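*Asks:* Just passing along the structure, written as structure tokens.
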Amino acid sequence: MAVLPIRTVGDPVLRTPTALVTTFDAALARLVDDMIDTMYDAPGVGLAAPQIGVGLRLFVFDVGYDPRDVTVPRVPRVVVNPVLELGADGERQHGQEGCLSVPGLHFPTTRALRASVRGVDVTGAAVEYAGEGLLARCFQHEVDHLDGTLYLDRLTGEDRKAAVQALREPPPSPEQVRAAGEELRALRRADQ
């Protein structure tokens, strides 16, 4: 298992729709293990394959993980070839969102309040997860990555202008990225 470099905004792999996973083998299992290690190291609550330069349709997540609380167990999950379904009621949530591929930036983003994903796990067995709030936001964010979309694409008005301006500035240091990730996790806990 290994911690892999995370691709950042501007890398073409983040704008390329992914291919379906068709081979379920040791290489896929190793990729998923590496993605989980990378997600926890960042730290993040989700990581899609394009974020580590792999054009396959899968993501890992663990929205309950807290790197500052060792009593909270790690419960990583993987969804291969996910199909996203948004809550039928159309209810929306508006809250801060960030991304490991857009280090140091967080903007208010509107998402469906409820969502579910169906797919398979690393062995090809069917999985389905449903949730609301942060979990639903995570599903939508990660599936966006698989479709070549960044959360920045969902920004409008002044938030979009601020994002464009921020992207013109020099990128933050690794220490700033880690601190921003911890700050985002605290915001997400407060949002739950």
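Cβ atoms here come from the backbone N, Cα and C positions, even for glycine.
Pulled from TrEMBL, these are the listed features:
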ACT_SITE  Glu142  active site
BINDING   Cys99, His141, His145  Fe cation binding site
*Asks:* Let me know the DSSP-derived helix, strand or coil state of Cys99 (Fe cation binding site), please.
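*Replies:* SS state of Cys99 (Fe cation binding site) = strand.
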*Asks:* May I ask which residues of the same chain, at least 6 positions away in sequence, place their Cβ under 8 angstroms from the Cβ of His141 (Fe cation binding site)?
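*Replies:* Same-chain residues close to His141 (Fe cation binding site) (Cβ under 8 Å, separated by 6 or more) are Gly46, Glu97, Cys99, Arg111, Tyr151.
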*Asks:* Starting from the Cβ centroid of Cys99, His141, His145, the recorded Fe cation site, name every other residue in that chain with its Cβ within 8 Å, sequence order please.
*Replies:* Gly46, Ala48, Gln51, Leu100, Ser101, Glu142, Asp144, Leu150, Tyr151
*Asks:* Test of understanding: give the count of other CB atoms lying within 10 angstroms of the CB of Glu142 (active site).
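*Replies:* That number is 25.
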*Asks:* Counting across all protein chains present, how many other Cβ atoms fall within 10 Å of the Cβ of Cys99 (Fe cation binding site)?
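*Replies:* For Cys99 (Fe cation binding site), the count of other Cβ atoms within 10 Å is 26.
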